[in-house]
Amino acid sequence: MFNLRTCASKLRPLTASQTIRSLKHNRPAAPRTFQQFRCLSTPVAAEPFLSGTNSNYVEEMYYAWLENPKSVHKSWDIFFRNANAGASPGAAYQSPPSLGSSLSTLTQAQSLLHSQPNVDKLVEDHLAVQSLIRAYQIRGHHVAQLDPLGILDADLDSCVPADIVTSSDKLGFYGLQESDLDKVFHLPTTTFIGGNEMALPLREIIRRLENAYCQHIGVEFMFINDLEQCQWIRQKFEAPGIMQFNNEEKRTLLARLVRSTRFEEFLHRKWSSEKRFGLEGCEVLIPALKTIIDKSSGNGVDYVIMGMPHRGRLNVLANVIRKELEQIFCQFDSKLEATDEGSGDVKYHLGMYHRRINRVTDRNITLSLVANPSHLEAADPVVQGKTKAEQFYCGDTEGKKVMAILLHGDAAFAGQGIVYETFHLSDLPSHTTHGTVHVVVNNQIGFTTDPRMARSSPYPTDVARVVNAPIFHVNADDPEAVMYVCNVAAEWRSTFHKDVVVDLVCYRRNGHNEMDEPMFTQPLMYKQIRKQKAVLQKYAETLISQGVVNQLEYEEEISKYDKICEEAFARSKDEKILHIKHWLDSPWPGFFTLDGQPRSMTCPSTGLTEEDLTHIGNVASSVPVEDFMIHGGLSRILKGRGEMVKNRTVDWALAEYMALGSLLKEGIHIRLSGQDVERGTFSHRHHVLHDQNVDKRTCIPMNHLWPNQAPYTVCNSSLSEYGVLGFELGFAMASPNALVLWEAQFGDFHNTAQCIIDQFVCPGQAKWVRQNGIVLLLPHGMEGMGPEHSSARPERFLQMCNDDPDVWPKASEDFAVGQLYDCNWIVVNCSTPANFFHVIRRQILLPFRKPLIVFTPKSLLRHPEARSSFDDMLPSTHFQRIIPEAGPASQNPEGVKRLIFCTGKVYYELTKERSGRDMEGDVAIARVEQLSPFPFDLVEKEVQKYPNADLVWCQEEHKNQGYYDYVKPRLRTTIHRTKPVWYAGRDPAAAPATGNKKTHLTELRRFLDTAFNLDAFKGHF
């Protein structure tokens, strides 16, 4: 009976008996059952009320009788006693004995029970009441009074569900009549409207249901498939007298509303023509957030990480995070210049980190608001990743100390797919943050777009239903209802560690921004808004009428905050410069100097001792757990690794293993995430071993490398790029002493996460003075696999590099490291396992952090020539930005007729072609391993070595793609434009690659011919 399923759509009118008969009653999974009803050897036709259509009600009565025999009618008490004694159902029923003073009542009851139609009616009426209660629980929110303006229904539907009793004539839906309103009905165990009472008159049942579900709070929860959670919510919203606030709580709420409202009014007075995306119309957001934080702090949370869009951001910074007001006001001063490196960002995108005492709980709490772009909802997974990292570093495995709060706009919450992606990370083992509180500022409009044009679902919050998150809709002009809902939301998160949504149904008093005219597109709405009293005024009038505060106290509260703002404004006039670093959302204490500079500009050797290389190699080629049966094919792979270790060589997978394993020894936590990364898309990695005989028994050998090593997290992600890359970026924000890698299944698919790359990874430091060392591993290579499995689009990453192609960087002792410090990200395409090993280790050994983009190979993973010796990985070795020609051509450089620069896999095709043409002495091939920042110094050295050679850039990508457009101007700057730079590669194309194998091979043959035809460019200028 607890598992009834009722469609959420509006029911078509049915009679009560039809409704009852149409329901399928399932037995509860509870241990207590009334077996006599289920195992009968005698006919029971004499008692049709025991049939399946009524069994739900009978079982409800039985459970109530078990708990308290006096809670049911005497006839049921006798029936259950007899039935439990072994009587058949037909014989179990007896009329109750004389009750003396209640003889007439008893006679009436006996006659009713002896009359079979009346017994059926009694049962059907009780079942009808159960259905009525359930209807309110499921659909009561559809008629809740949620819109402060009284214009729209929050669910965009003015129809009232047929089973919600808004007038007495609708009782007929349940087969009830107005005369039944004063009849007393036993309450089922699935409701708490009775409080301590087990039965209520129908009139009172309806009144209490209306009060619980149809006032200023609408509760969506009946889609949740966990009975305990449903019961918990019912108790929170149905129990009588739940929404009681004492006078002190009301005064605190009023003071918070004063701060929220007067802050916006102060900004409007001082900077009336500035965009600030104010909170007018949803001022209750500030006390709402503070309530969630207060309640969570009381439950043990000491770190709250928040993400939000532009709407109300300055108010949140001022009154929730408690950013100094003068620093906020400085952002409005157009004359102040920022002293930090980078370009900065607008004030309503900036983040903040602050530790303070929570005055309600008297406990320390740290608040962080993550900086974000204008791309709505893009910060959602970033916040979740940062939250996960902070939980990881403090050992908070259940989310009891660190939590996330995400704020959303109604249009974006419904419209942006990243919301869905982020929700689906919420319960994944390696991505869960153990519950997020989502607060939707539902101002019922998206810029100029009506919600009826902006979503197909009744509410903007319907996406949350996919993860069984309860949704609490609340009228934002009822501050006490908002506070109650926020308390419940925080308590839900603390109790169940699951997501929850608070939908603040409000309005936007101004246009999209303060300069926008909303009357163009929403004239009727804004006529009503112009008449609408501010929530502060309404609530103040309420408290004054209740005697909680008087007019003088209210005005003093306003004056006190106005004075705070004026004094901060005066102090802001003394500021001479802006500091973006004051708005840092993720500080790294101790990593930089006090003024935020690297502690050195050198990078130590990235090599390892032979002993460490051998040890890691041995672990990588074994199973460090007893009685663990691995797949036969994997046994061959591990055996091959063992042979390589004996021969002191590594392939790509083993080089990666050694780089990561060595960092674990140094206390660096490593997290590798992405689709299929545990095994590797190309079945080369195998960092997680699976027992072939025991389901779900796994082993991660890399966590068995060293005593006291840092943990290694390798996790297959959901089939998402946008959400998962954002999550990993957020994880990398939390600490510089961790290596976070995200690998695309194929490099081609990274563009699904383009927003994270364009708005966070590439410009993050320039906008927010926030370094990040995330590593992107993007499998790339033209191998005849078609246009969607060939290219990681290197041209796009290179286009976004911030180095000047026409300017030679200033020479210095630390030229290479200085270049890395000045760049916005590092782009490499390694051609050897050893160089990949070094660049991964360098990422951590650098004294600062930059994103690293690695175009990783596919065919080279098993290429017999793509091997490196231990000698290339020993102490004193390092990452080679260029690998110069080392063959016969280097022995007679003046005789070399062509110098080919290339990068990545194409090198092996070039060397094979050169060998086949017997041109080793005529053509030198140099590999540019680090594309950005461009190695001007080493390229110059290589060019000067071959004075008689013409210069060719060769790539396997099409001419309008790949590296050519980036490399050519930098090569020309390197040689001071003394020679032309020729191109050998595929012709320009719209698609990254052909899908035809023959065409692929024809293109390959053509550009290899061009590369080695020494007369190919004669006559060209």
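Backbone N, Cα and C define each Cβ position, glycine as well.
Among the features that Swiss-Prot reports, Ca(2+) binding site is placed at HIS142, ASP155, ASP157. Counted within 10 Å of its Cβ, the other Cβ atoms near ASP155 (Ca(2+) binding site) come to 20, all protein chains included. DSSP classifies ASP155 (Ca(2+) binding site) as coil under the three-state reduction.
The feature thiamine diphosphate binding site is assigned by Swiss-Prot to ARG311, ASP410, ASN443, ILE445, GLN675. Under the DSSP three-state reduction, ARG311 (thiamine diphosphate binding site) is assigned to coil, being neither helix nor strand.
Annotated Mg(2+) binding site per Swiss-Prot: ASP410, ASN443, ILE445, in sequence order, evidence recorded as similarity to another entry. Using a 10 Å radius centred on the Cβ of ASN443 (thiamine diphosphate binding site) and all shown protein chains, the other Cβ atoms total 22. Secondary structure at ASN443 (thiamine diphosphate binding site), as computed by DSSP, is coil.
According to DSSP, LYS533 (ubiquitin cross-link) sits in a coil region rather than a helix or strand. The ubiquitin cross-link annotation in Swiss-Prot covers LYS533.
The transit peptide annotation in Swiss-Prot covers 1-40 and rests on sequence analysis.
Reduced to three states, the DSSP call for ASP410 (thiamine diphosphate binding site) is helix. On the backbone, the CA of ARG311 (thiamine diphosphate binding site) and the CA of LYS533 (ubiquitin cross-link) stand 20 Å apart.
Spacing of ASN443 (thiamine diphosphate binding site) relative to ASP157 (Ca(2+) binding site) is 17 Å (Cα to Cα, whole number). GLN675 (thiamine diphosphate binding site) has ASP155 as its nearest neighbour among the recorded positions HIS142, ASP155, ASP157, LYS533, going by CA to CA distance. Least crowded of the binding-site residues (ASP157, ASP410), judged by neighbouring Cβ atoms within 10 Å of its own Cβ: ASP157.
For ASP410 (thiamine diphosphate binding site) paired with ASP155 (Ca(2+) binding site), the C-alpha to C-alpha distance reads 12 Å.
Taking every protein chain shown into account, ARG311, LYS533 are the recorded positions, and of these the Cβ with the most other Cβ atoms within 10 Å belongs to ARG311. Spacing of ILE445 (thiamine diphosphate binding site) relative to HIS142 (Ca(2+) binding site) is 19 Å (Cα to Cα, whole number).
Cβ proximity to the Mg(2+) site centre (mean Cβ of ASP410, ASN443, ILE445, cutoff 8 Å) flags the following additional same-chain residues: GLY409, ALA411, VAL441, ASN442, GLN444, GLY446, PRO451, CYS506, TYR507, ARG508.
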